[in-house]
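As given in TrEMBL:
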type	residues	note
BINDING	213-220, 295-299, 359-362	GTP binding site
COMPBIAS	36-56	compositional bias 'Basic and acidic residues'
DOMAIN	380-393	domain 'SRP54-type proteins GTP-binding'
REGION	15-59	region 'Disordered'
Amino acid sequence: MTKSFIKKIFSFNKSKEQETEQVSTPYETDIEEEIEYKSETTKNDQSSLEREKEEQAENQNITPVKYDEKIPSFEPHSRKVIVTDIIREKKVEEFSSISPVEQKKTAWFGRLKKGLSLSSQRLSESIGDLFVKGKLDKQTLQELEDILIQADLGVETATRITDTLASSRYEKNLSPDDIHTIVADEIKKVLEPVAVPLELDLSHKPHVILLVGVNGTGKTTTIGKLAAKLTAGGLKVMLAAGDTFRAAAIEQLHVWGERTGSPVISTKLGADAASLAFDAYEKAKKANSDVLIIDTAGRLQNKTELMDELAKIIRVLGKHSPQAPHTILQTLDATTGQNALNQVDIFRDIAGVNGLVMTKLDGSARGGILIAIAAKYKLPVYFIGIGENIEDLQPFSASEFAETIAGKHI
């Protein structure tokens, strides 16, 4: 995180009043009335200030200064928010099915170790069996490289690790723990450049986040969890049900909207997703929402017509703001292994993906694919998911992931 980032620590002493009403097209008029009311109140406040200045000026025989401009807002014109894993404990209790006692027992690192156990166990056991004899020779290096590739770390990372060992530890006795430490350190070097927090620039509200990915990668669930984090942090969030092909996806997003106090923009089944996105932006702007999160239909990367529709959504949003959508997140299912590389390749070219979320790491022995993706594409990995609960989606940490998947004991 660079010093130039203007961090905003989420304040959790804000009012709990969140807008819980579900919104459907057309938008309810109460928000418009509220905006008009606030505008009128601001004008009245300005008039009061002007009258007060004039009275003071008359008493002091000073020419009054007229206020030609509106009273400036206390909100900075340029404001950036770093999305952290801080969620007020009460909020976690509201959203999560896990009891507070269980949450304390299963802190994030513990849950991460448990979630990545299939991946780390596979790698750790193979390394342990290989280094029983101790000495590092040419054959052992080749076998280690094969193990790392089979663990989905990718050829580039596997070669990097074995080259490091060959240059510094060749013909030396090494224990499995030594190898775990070296592997973890090299994986960490690959992951550190992409382990950056999601940054929201609220100087152009709403900050638009578009979720893309193939079927079944957890887009809608990720939207709900992210909305929970943002609203718990005091931000005003609006959701858009852009997966117009599945009634279940629309219903699921409405459920998340109710749980997080986020209005949801939706339309009839089969409607044009690009039109919905355009409409949602207008409504988010009018409601002064901080963030607009748009769901999209799951699509296979080889389905040209669906990928064209995704490109259309992005073009339409660009008519509102040249920078929109500001963040394009691709969700990846860890269980797909090497196929995830192909997905990133296509979606990056078509949709301009600029951030990743890796889900379902708890149900796969192929979590190493995240390392291969990081090495090849250098795209930020903002979050990883290891379960169904709100707290199971967390900002990505290079050191935690590297140490866990390499089986390093800390």
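Placed from the backbone N, Cα and C atoms, the Cβ positions cover glycine too.
These figures come from a predicted structure and were not determined experimentally.
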Provide the three-state DSSP residue tally for the domain 'SRP54-type proteins GTP-binding' (380-393): helix first, then strand, then coil.
3 helix, 6 strand, 5 coil
Pick out which of the binding-site residues K219, R299 has the most other Cβ atoms within 10 Å of its own Cβ.
K219
I want to verify one value. Collapsing DSSP to three states, which class is K219 (GTP binding site)?
helix
Using a 10 Å radius around each Cβ and all protein chains in view, which of these binding-site residues has the most neighbours: G213, G216?
G213
Along the domain 'SRP54-type proteins GTP-binding' (380-393), what average pLDDT does this model show?
91
Is it possible to get the count of other C-beta atoms within 10 angstroms of the C-beta of T296 (GTP binding site)?
27
Using a 10 Å cut-off, grab the number of neighbouring Cβ atoms around the Cβ of L361 (GTP binding site), all chains included.
27
